[in-house]
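Straight from TrEMBL, the features:
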BINDING   Gly10, Ala11, Gly12, Lys13, Gly14, Thr15, Arg126, Val135, Tyr136, Gly199  ATP binding site
BINDING   Thr31, Arg36, Glu57, Leu58, Val59, Gly84, Phe85, Pro86, Arg87, Gln91, Arg160, Arg171  AMP binding site
BINDING   Cys129, Cys132, Cys149, Cys152  Zn(2+) binding site
DOMAIN    126-162  domain 'Adenylate kinase active site lid'
REGION    30-59  region 'NMP'
Amino acid sequence: MNIILLGPPGAGKGTQARFLCDERDMIQLSTGDMLREAKDSGTEMGKIVADVMARGELVTDEIVIGLIREKLKGDKKGGFIFDGFPRTLAQADALGELLAEEGETLDAVIEMQVDDNALVARITARSTCGSCGEVYNDNTKPIPADGKCSNCGGTEFKRRADDNEESLKQRLMEYYKKTSPLIGYYYAKGQLSSVDGLGEMAAVKADIAKVLG
Ligand code: AMP
């Protein structure tokens, strides 16, 4: 089963993707994570994308489509969860073609709906474990008092450089201008389902499970 989690930054795509990986042996393909990795390891591509990401703009379709193309050739396990990809109509078309080349299908597109005020509050409060990527929130899921990650015991936590109000505004603008048309695109293809992304993590998880059956 291959699925897309679609929604603005902070909608909870990464958190839900991690649940699906654990429970359904799926593979999370987050272009944001891949780009941050390239940036941190100082590759040529990483250098090219660093400024664009810091500003909250989208990197070129060519770069992200290339990243996804490589991953689709690898192990498919229980299927792919596309998290943060596609973000433009050109990327959506390319994904359809790449899946077809691999003899795969897109089985569901799940739109995670959240209101904009909640997004800003969530994003400016979030951090992740530097070892395992577990997501924390200063208000709703604070880092444990002993300073150890509840998932892996790691003691280093990171905040994303682009999780500040200014780049967030730009990221939201990019979402509304370039990514939100995908809601209509997948609706017209009969592949769209929507869940309320504002609820408790467990409730959102249950709604997604219902969609996937
Ligand atoms: P994310 O972790 O998904 O919020 O992505 C972080 C940043 O990486 C975005 O603000 C973009 O600069 C870049 N990015 C991630 N995925 C894509 C994509 N599919 N297309 C273009 N840019 C992307």
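Each position is counted from 1, following the chain as shown.
Every residue gets a Cβ built from N, Cα and C, even glycine.
Cβ contacts within 10 Å of Glu57 (AMP binding site), excluding its own Cβ and spanning all protein chains shown: 15. Rounded to a whole number, the distance between the Cα atoms of Cys129 (Zn(2+) binding site) and Gly12 (ATP binding site) is 16 Å. Taking the Cα atom of each, Phe85 (AMP binding site) and Gly14 (ATP binding site) are about 12 angstrom apart.
Counting only the Cα atoms, the space from Cys129 (Zn(2+) binding site) to Tyr136 (ATP binding site) is about 8 angstrom. Tyr136 (ATP binding site) falls within a strand when secondary structure is assigned with DSSP.
Restricting the binding-site residues Val59, Arg87, Arg126, Tyr136 to those with a CA within 10 Å of the CA of Cys149 (Zn(2+) binding site) leaves Tyr136, listed by sequence position. Across the domain 'Adenylate kinase active site lid' (126-162), mean pLDDT in this model comes to 93. Checking the binding-site residues Gly10, Gly12, Gly14, Arg126, Cys132, Cys149 for a CB within less than 6 Å of any atom of ligand 1 leaves no residue at all. Within the same chain, residues at least six positions away from Arg87 (AMP binding site) with a Cβ under 8 Å of its Cβ are Thr31, Leu58, Val64, Glu174, Tyr175, Lys178, Thr179, Leu182. For the pair Gly10 (ATP binding site) and Cys152 (Zn(2+) binding site), the Cα-Cα distance reads 23 Å.
Spatial neighbours are here defined as Cα atoms within 10 angstroms of one another, and by that definition the neighbours of Arg126 (ATP binding site) among the binding-site residues Glu57, Val59, Cys132, Cys152, Arg160 are Arg160. Long-range C-beta contacts of Cys132 (Zn(2+) binding site), restricted to its own chain and to partners at least six residues apart, with a cutoff below 8 Å, comprise Cys149, Asn151, Cys152, Gly154.
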